[in-house]
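Undergrad: Take this structure, written in structure tokens, and hold onto it; I'll ask about it next.
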């Protein structure tokens with residue numbers, strides 16, 4: 001519970017900062033950061049968001065603006081008090097908002113930002129994590145926030161950090177509606193009271209904010225007045241100064257008197273110059289919205305500044321697309337690709353505010369899901385429509401045909417932008433590292449643009465070395481006899497490159513695409529073909545490699561020769577495999593496990609088993625179909641065939657078949673249901689190899705716990721006793 005202190009009738013409540021926020025503030029206060037100026041950008045950005053909210057509410061309920069029609073941001077430096085004040089006429093905060101938003105409830109980004117900071121990230125990232133307000137403590141020793149929401153009284157929040165803050169009802173000067181942030185600056189931060197410095201920071205970070213930012217400065221100026229006016233003014237001053245004598249008529253000291261002797265002749269009154277104090281108001285962001293200007297007149301620096309003010313990013317954007325659409329529908333858009341993926345790119349619960357929607361230059365909202373598909377959620381920018389109604393609601397947006405057309409155009413322009421970027425290999429590499437998952441998600445979700453998206457994919461292949469290659473480049477290198485694009489999915493480039501599945505394909509000189517991200521499994525389910533060539537997994541049944549007559553004949557002979565062994569192995573393994581066949585894909589491995597054409601690969605099975613909310617019924621039928629393929633040219637398989645032909649009931653044959661199957665499961669990327677039994681078989685093989693007699697070991701250690709004997713195969717489909725092999 002907060003402490004309550006009573007000052008007369010005024011009630012002051014003290015709250016402790018939530019632990020992570022207190023830690024963050026301590027980090028901000030006690031670490032040296034060179035670019036402290038970003039505090040002003042963050043506070044202006046928060047003010048702009050508050051103004052956006054009240055303007056949006058007023059579109060459906062104009063009475064919300066009765067408490068103040070003008071939407072603006074004022075900056076007021078006061079050198080004598082050493083304070084810098086920011087005032088906005090935004091939505092304001094209720095008492096509950098004040099307590100929750102400024103201290104007691106940690107945002108999801110608080111911890112992530114601290115981790116990023118400690119890993120060496122720049123303090124200027126703070127706004128991207130939703131905790132920009134606390135940057136005020138970079139320059140302030142104490143912060144006071146006075147706020148008034150239409151639904152509540154005026155309240156004041158105050159904190160000098162130190163782990164706690166106070167909230168009280170504020171009976172000072174009424175602010176109507178909005179928020180006033182008063183920063184009591186540290187002694188060494190008074191530069192932010194200087195006109196030049198404030199202007200410089202606002203121009204650098206906030207010149208594209210959509211509301212007027214006005215700087216209020218107390219200045220002195222010389223004023224020229226006539227003698228009569230001077231006397232009146234002096235007279236007024238005299239009344240105010242009680243301690244001065246009132247005998248003589250006041251004389252104004254000459255600052256720069258107009259010494260004209262013949263003034264009488266010219267019938268002109270004498271004039272004097274005096275100094276007076278006045279408040280100078282200067283609007284700092286008169287720039288009209290950048291997206292309304294002609295792209296040819298805008299420099300890359302201006303785009304960069306706008307991008308930074310829009311996103312709170314400290315780095316420049318990677319690429320930009322500025323376009324307008326005219327005709328039946330009219331809108332302008334300015335889209336940016338960032339250099340990095342945000343920390344919460346695929347967090348579903350977080351409302352994305354990456355594209356701001358305007359209607360005729362009036363901001364409507366910044367979390368419009370209908371404006372851009374999920375897979376392009378990293379694109380930042382603005383869209384300004386001439387056709388949508390100003391008072392459009394979220395419900396109307398969902399049904400809006402205009403918005404559907406805008407969305408279609410945005411997707412088209414984004415894909416154009418990616419294709420343009422692909423021509424610059426260095427920058428495309430950065431883009432692909434950050435956003436390849438988005439492109440693959442697009443292939444899974446967006447059937448209309450699947451072909452265009454597939455052209456943007458880049459993969460390592462068996463022939464690409466350290467570089468990544470496009471599917472178009474792969475097709476251009478295909479052999480004349482090759483009809484399909486071969487690929488393999490797995491956990492890493494090293495794992496798939498050494499896989500048994502690629503042995504013969506590579507030996508025959510065919511290129512294999514290595515797909516090593518979990519999302520590739522989903523992507524390739526939808527991407528059935530590219531440029532007229534089907535995509536074929538080398539880990540699934542039915543792999544057809546171009547063969548000449550001699551190879552076909554040899555394959556038929558092998559099938560006939562090993563037919564009985566295949567039948568026997570199927571009997572021994574029973575339900576563990578759907579069938580046992582001769583392989584055309586193995587070279588140096590004795591066997592491998594392949595899956596049916598429509599079943600999951602081993603990699604997909606691994607991914608699905610890792611899902612916390614998996615559907616076990618789907619797991620059942622998708623992972624059941626396994627085929628064991630044996631290599632007819634391998635000595636192990638040949639020896640096994642000979643043993644089986646000599647005595648198909650030989651226990652050693654059964655043991656070896658099970659051991660081969662389980663080893664093939666592992667090398668093919670599957671997991672074992674009973675790894676302990678498999679391990680015990682391997683240990684027994686090692687003992688045999690070392691010539692250790694098991695009976696002797698047991699006799700030497702009579703007190704040792706004897707492990708349960710591994711049951712024979714007949715009684716259990718998972719295990720069999722290992723017989724000594726010649």
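Using the three backbone atoms N, Cα and C, a Cβ is placed for every residue, glycine included.
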Undergrad: Write down the single range among 717-721, 722-726 that appears in Swiss-Prot as motif 'TPR repeat-binding'.
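TA: Motif 'TPR repeat-binding', as annotated by Swiss-Prot, spans 722-726.
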Undergrad: Let me make sure I understand the structure: which of the modified residues listed (303, 307, 486) has the fewest other Cβ atoms within 10 A of its Cβ?
TA: 303
Undergrad: Of 436, 454, 486, which is closest to residue 307 (phosphotyrosine) if I measure between C-alpha atoms? They're all recorded positions.
TA: 436
Undergrad: Validating a neighbour-count step here. Other CB atoms within 10 A of the CB of residue 454 (O-linked glycosylation site): how many?
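TA: Its Cβ shell of radius 10 Å holds 22 other Cβ atoms.
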Undergrad: Let's check the environment of residue 436 (O-linked glycosylation site): how many other CB atoms sit within 10 Å of its CB?
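TA: Total other Cβ atoms inside 10 Å, all chains included: 20.
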Undergrad: Take the C-alpha atoms of residue 454 (O-linked glycosylation site) and residue 303 (phosphotyrosine) and report the distance between them in angstrom, rounded.
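TA: Each residue's Cα considered, residue 454 (O-linked glycosylation site) and residue 303 (phosphotyrosine) end up 29 Å apart.
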Undergrad: Where residue 436 (O-linked glycosylation site) and residue 486 (phosphotyrosine) are concerned, what is their Cα separation in Å, rounded?
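TA: Checking the Cα atoms of residue 436 (O-linked glycosylation site) and residue 486 (phosphotyrosine) gives a distance of 20 Å.
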